[in-house]
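Encoded as C-alpha cells, the structure appears first; notes follow it.
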Amino acid sequence: MAPWTLWRCCQRVVGWVPVLFITFVVVWSYYAYVVELCVSTISRTGEKGKTVVYLVAFHLFFVMFVWSYWMTIFTSPASPSKEFYLSNSEKERYEKEFSQERQQDILRRAARDLPIYTTSASKAIRYCEKCQLIKPDRAHHCSACDRCVLKMDHHCPWVNNCVGFTNYKFFMLFLLYSLLYCLFVAATVLEYFIKFWTLCRRKSTENCPKNEPTVLNFPSAKFHVLFLFFVSAMFFVSVLSLFSYHCWLVGKNRTTIESFRAPMFSYGIDGNGFSLGCSKNWRQVFGDEKKYWLVPIFSSLGDGCSFPARLVGMDPEQASVANQSDYVRSIGSNQPFPIKPLSESKNRLLDSESQWLENGAEEGVTKSGTNNHVTVEIEN
C-alpha cells in the first residue's frame, strides 16, 4: 500500500473519533436520564406524573436531535455538475499552456455560459487543479474530503463531513435540537442536583433525611445526576455561541468561509453580495414551506451551482456605487431573484466590459427553462 493511500486511510479512521465521542456521550445521557433519573429516582419518590411528562418530552428532543445529527453526518456533500468540468480538448490545451494568461483565456471561454459571478482576489477564474473543474460561486475544495463542495461552509470534525449546500439545513437543525436537548436535560436535572448538594452533603446515605425525595436515597444515581447536569450545561453554553453565529450567517446569507474572506465580484469585494434580505436569506436555507422548516428533510432553494446576487443585473459602475452606499437593502424584500438554469445562464462577469455598455441592465432579465436538480445522497 502506497504511503499516501495509507495516510488517507488513517485520516478516515481518525475522522470518526469525534463522532464516536459524541455518540458515547449521547448514549450515556440517555441511560443516565431515562434509567437512573426518571425510572430509578423520580418514579420511586411517587411522582409518577412528572416521570411520564419528563420521559415524553425527553424522547421528543432526543429523536429530533439524533435524526438531524444523522442527516448531517450521512448526507453526502454535493459536487459541481458536469457543466463545470473542462472538456477533454480544453483540459489538454490548458495543461499544455505554461502561460497563466493563456490558461485564463481558456478558462474564460469555457466559463462563458456558466452562471459565475465571482472570481479570485486577483480577478482570475476560480479553477480547481485537483478536481480539474471551474468552481461555481461559493464552492470550495475540501482537503479533508478531497473534493469540491457546493456552497461549502466548513468541514466539521464533529460530524466528520463537509457542511455545504445539501446538509447546511440539517446542520442548523442539529445545533438547534442539541441546544434544546441540553437545555431540557439541564433544567429538569437541576432540581435533583440542588437536593444532592443542599440536603445530603454528608458522608453516608444513612444520615440523609429519609422523607426527602433526594437522589442520595438511590446511590447509583448520584454519579449520573451530578455529571449529567455539568455535561448538559457545558454543551449548552458551547453550542449556544455556535448556533447564534450561524443564525447571523444565515441572516446575512454568508458561509463561514465568506465571513472571513468576502467574495470578489466584477465591481469589487462585497461581503453582502448574495444577501437578498433577511427573510429571503432564511428561505434559501430552509425553503418556502414552513411545515418543513423544523424537520430534517431537504427543502433548501436552488441547485447549489448558481445563486442570485443582489447587484448582478446592474451596470458595473452603478453596482460599485450601490455597493459602497449599501443602497440595495430594499431589493431583498421586494423583488424576485430567480435562479437561471445552467443551460440558459448568461455569464456577465466573464464578458467584456463593452458588452455591458451594449446590452445594458436589460441583460439581467432571466430566461425561462428547465431547472437543474440536486440529488441528496444518504450514505448508509
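Including glycine, each Cβ sits where the backbone N, Cα and C put it.
Cys156 (active site, S-palmitoyl cysteine intermediate) has a Cβ environment of 19 other Cβ atoms inside 10 Å. Per Swiss-Prot, the feature active site, S-palmitoyl cysteine intermediate maps to Cys156.
Listed in sequence order, Ser79, Pro80, His141, Arg147, Cys148 are the same-chain residues at least 6 apart in sequence whose CB falls under 8 Å from the CB of Cys131 (Zn(2+) 1 binding site). DSSP classifies Cys131 (Zn(2+) 1 binding site) as coil under the three-state reduction. Under the heading Zn(2+) 1 binding site, Swiss-Prot lists Cys128, Cys131, His141, Cys148.
For Lys135, His140, His141, Cys142, Ser143, the entry in Swiss-Prot reads substrate binding site. DSSP classifies His141 (Zn(2+) 1 binding site) as strand under the three-state reduction. Residue environment of His141 (Zn(2+) 1 binding site) contains 17 other Cβ atoms, counted within 10 Å of its Cβ in all protein chains.
Residues or ranges marked as domain 'DHHC' by Swiss-Prot: 126-176.
Annotation source Swiss-Prot lists phosphoserine at Ser320 (among others).
The annotation phosphoserine is assigned in Swiss-Prot to Ser345 (among others) on the grounds of similarity to another entry.
For Ser354 (among others), the entry in Swiss-Prot reads phosphoserine.
Taken from Swiss-Prot, the feature topological domain 'Cytoplasmic' applies to 1-14 (among others).
Summarised as a single figure, the pLDDT of the topological domain 'Cytoplasmic' (75-169) averages 94. Per Swiss-Prot, the feature topological domain 'Cytoplasmic' maps to 75-169 (among others); the stated evidence is similarity to another entry.
Taken from Swiss-Prot, the feature topological domain 'Cytoplasmic' covers 247-380 (among others), and the record attributes it to similarity to another entry.
According to DSSP, Cys148 (Zn(2+) 1 binding site) sits within a strand segment. When the topological domain 'Cytoplasmic' (75-169) is classified with DSSP, helix, strand and coil residues number 25 helix, 19 strand, 51 coil. Cβ-based neighbour count (10 Å, all protein chains) for Cys128 (Zn(2+) 1 binding site) stands at 17. The Cβ of His140 (substrate binding site) lies under 8 Å from the Cβ of Cys148, Val149, Met152, Ile257, each on the same chain and at least six residues away in sequence.
Cys156 (active site, S-palmitoyl cysteine intermediate) sits 21 Å from Cys128 (Zn(2+) 1 binding site), taking the Cα positions as reference.
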